[in-house]
Amino acid sequence: MEPLHAGAAGSSRAVCSQGPPTQISSSRVIVHVDLDCFYAQVEMISNPELKDRPLGVQQKYLVVTCNYEARKLGVRKLMNVRDAKEKCPQLVLVNGEDLSRYREMSYKVTELLEEFSPAVERLGFDENFVDLTEMVEKRLQQLPSEEVPSVTVFGHVYNNQSVNLHNIMHRRLVVGSQIAAEMREAMYNQLGLTGCAGVAPNKLLAKLVSGVFKPNQQTVLLPESCQHLIHSLNHIKEIPGIGYKTAKRLEVLGINSVHDLQTFPIKTLEKELGIAIAQRIQQLSFGEDKSPVTPSGPPQSFSEEDTFKKCSSEVEAKAKIEELLSSLLTRVCQDGRKPHTVRLVIRRYSDKHCNRESRQCPIPSHVIQKLGTGNHDSMPPLIDILMKLFRNMVNVKMPFHLTLMSVCFCNLKALSSAKKGPMDCYLTSLSTPAYTDKRAFKVKDTHTEDSHKEKEANWDCLPSRRIESTGTGESPLDATCFPKEKDTSDLPLQALPEGVDQEVFKQLPADIQEEILYGKSRENLKGKGSLSCPLHASRGVLSFFSTKQMQASRLSPRDTALPSKRVSAASPCEPGTSGLSPGSTSHPSCGKDCSYYIDSQLKDEQTSQGPTESQGCQFSSTNPAVSGFHSFPNLQTEQLFSTHRTVDSHKQTATASHQGLESHQGLESRELDSAEEKLPFPPDIDPQVFYELPEEVQKELMAEWERAGAARPSAHR
């Protein structure tokens, strides 16, 4: 690999001619930057002695990439180590299973490219899209008209097409080629990296043309040559944006080539694939791609993946999980944000291409608090959770054969929003989904890169010991639709009953909000013991509600209390409850082994709904044939497994919960009612809110009031 040189940027100049204007197909200028044998380059920078020697980067039994010296001697990417050694006995192998240095260098490249344009979209460790449209326009505006004829293109022009400088699109792309050369030169001078670049009117074409001349070269695609480039593809699966599953469905329809897809009746295609997908892929077949370059931002998830020939025991599985988890915890500590959801993915031995399964669940709040502290105190409870997820997918009493395991942290939140006490279940916001992005998460079989976006159509992927993804999206053509949370922002707040504070109301679960606004189903319920399983808590929420109550009192003296019948009862699977079935009287504590929660949930759900339904309710799962992740909203961190139900189901469950508890807790309710009449309350405390607090918190507050000599007015319901 030769370094870039100033001026020529290590590439040839194309001859420019002036002629009549041609049709403009697009005003955008997009550059796709693809680093040459990225892992090998990082190793050669780390150890310059390897620069002129055949070098391969090994992960497990594969050479995942190699430098061009090795390629000259017959070594290829993804070659078996034994075969590579036979081809090239002098091959130097470096272990590339630790991706830390590759990840660090990858982000340095992205940061450097952002100095040219803020619109930089990561596509794995070694690829980036850059939208240069605005920068190109500024340069053209600053270019004197008399200098336009002397503008030269840097690098190759695809298909040796002549450049017409009277064509504004040609001029834009020529200036884009100059900026692309500057970016490549900066990468070499500042980071020591070389790479290829493709300059085109959209992302699809830039991606395709960047690989025409390699290594360390760049190519410009003019609009008139787009069809030539598209038709040079041997199969539709080579079109970026058409994934494996979509290609298989198209093959069933007899569509194999680009020409087949271009000429296939759109109505038939829409009937088979749906309108959106059909129109999208047919546009791609013509080289049309309107998708924007989306700045990636911080990763939305972290995952570590390990592939192996065979894992057939629970002990082996636990060891793999511990290894993956240890690496993830280090990354969480470095990132500074805290994950609120953990996912386990497995792959069984099979000849199928997509046969992965996954389960995920929220991370308990007391475990979240330990994350990112620099120690591994959170390891034991997380391992317990992951092993429960594992046993939910794999019957360990029967023989099994796994070839892949992955652990993923997602639903990452900034530290400020993560610092919540154990009472945050009362104030859980329903606006934050388990996925912070609409794009789907798909773990690819041959992908070693930590990216804000996974490569959309199996583009130039690498296999690995580990796959580290940052959480977002396969091709939109193959994306799985996920259930969305209810949007509570549209509820008519002006219709709130008197005495209900809007700020407090907004933080209640959606079901309770709707019931307060539209339903009176709880008015006939008696007693305060509506929480089937009270939660251990701090005093934080009491102060919050007390403040809101005093504010409401000042604004409206007649609104002195929030009636308990409106807010006190909650369905078993809403925030503020344990998530156990109505008949359960267990009282788990956050300090206990997390497996207790999962065991209780499994038993209760299996008893009430049967094995099949309970599995769907306990975990966000994937069908092996589809390999998509279905995520339910993370309603609270104390509740590990949320049950996905409709609003009507919530109301029915809440009523059944009260009726089921009434016979078992009659004595307890009578004792509470009797004790309530004697309890002392300071004037700024709402009794109804007080009775919804955990019992030990009630006792602590009562003792404090007695010590402080608080007034003792009789509590009124």
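Keep in mind that glycine also has a Cβ here, set from the backbone N, Cα and C atoms.
Residues or ranges marked as region 'Disordered' in Swiss-Prot: 1-22 (among others).
Note on the domain 'UmuC' (30-243): mean pLDDT across this stretch is 95. Under the heading domain 'UmuC', Swiss-Prot lists 30-243, citing sequence analysis as support.
Feature annotation from Swiss-Prot assigns Mg(2+) binding site to Asp34, Leu35, Asp126. Under DSSP, Asp126 (Mg(2+) binding site) is assigned to coil, being neither helix nor strand in the three-state scheme.
Taken from Swiss-Prot, the feature 2'-deoxyribonucleoside 5'-triphosphate binding site covers Tyr39, Arg71, and the record attributes it to similarity to another entry. Remark: Arg71 (2'-deoxyribonucleoside 5'-triphosphate binding site) has no non-local neighbours by Cβ distance under 8 Å and separation of at least 6 in sequence.
Taken from Swiss-Prot, the feature active site, proton acceptor applies to Glu127, supported by sequence analysis.
The region 'DNA-binding' annotation in Swiss-Prot covers 300-307 (among others).
Annotation comment: Swiss-Prot describes 343-360 (among others) as region 'DNA-binding', evidence class similarity to another entry.
Per Swiss-Prot, the feature motif 'Ubiquitin-binding 1 (UBM1)' maps to 500-517; the stated evidence is experimental evidence.
Marked as region 'Disordered' by Swiss-Prot: 549-589 (among others).
Sequence annotations record features per position, and here Swiss-Prot assigns compositional bias 'Low complexity' to 575-589.
Per Swiss-Prot, the feature region 'Disordered' maps to 603-622 (among others).
Annotated compositional bias 'Polar residues' per Swiss-Prot: 607-622 (among others), in sequence order.
Summarising the annotation, Swiss-Prot assigns region 'Disordered' to 644-687 (among others).
For 652-662 (among others), the entry in Swiss-Prot reads compositional bias 'Polar residues'.
Positions annotated as compositional bias 'Basic and acidic residues' by Swiss-Prot: 665-679.
Sequence annotations record features per position, and here Swiss-Prot assigns motif 'Ubiquitin-binding 2 (UBM2)' to 685-702 based on experimental evidence.
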Additional residues around Mg(2+), ordered along the sequence, whose Cβ is within 8 Å of the centroid of Asp34, Leu35, Asp126: Val33, Asp36, Phe38, Gly124, Phe125, Glu127, Asn128, Gly195, Cys196
Where Leu35 (Mg(2+) binding site) sits in the secondary structure, as DSSP reduces it to three classes: strand
Cβ neighbours of Asp126 (Mg(2+) binding site) where a neighbour is any other Cβ within 10 Å: 27
Glu127 (active site, proton acceptor), number of other Cβ atoms within 10 Å: 25
Leu35 (Mg(2+) binding site) CB neighbourhood, other CB atoms within 10 A: 25
Glu127 (active site, proton acceptor) and Asp34 (Mg(2+) binding site), distance between Cα atoms, whole Å: 5
Pairwise Cα distance for Leu35 (Mg(2+) binding site)/Glu127 (active site, proton acceptor) [Å, integer]: 6
Binding-site residues compared (Asp34, Tyr39) - the one with the fewest other Cβ atoms within 10 Å: Asp34
Tyr39 (2'-deoxyribonucleoside 5'-triphosphate binding site) and Asp126 (Mg(2+) binding site), Cα-Cα, nearest whole angstrom: 9
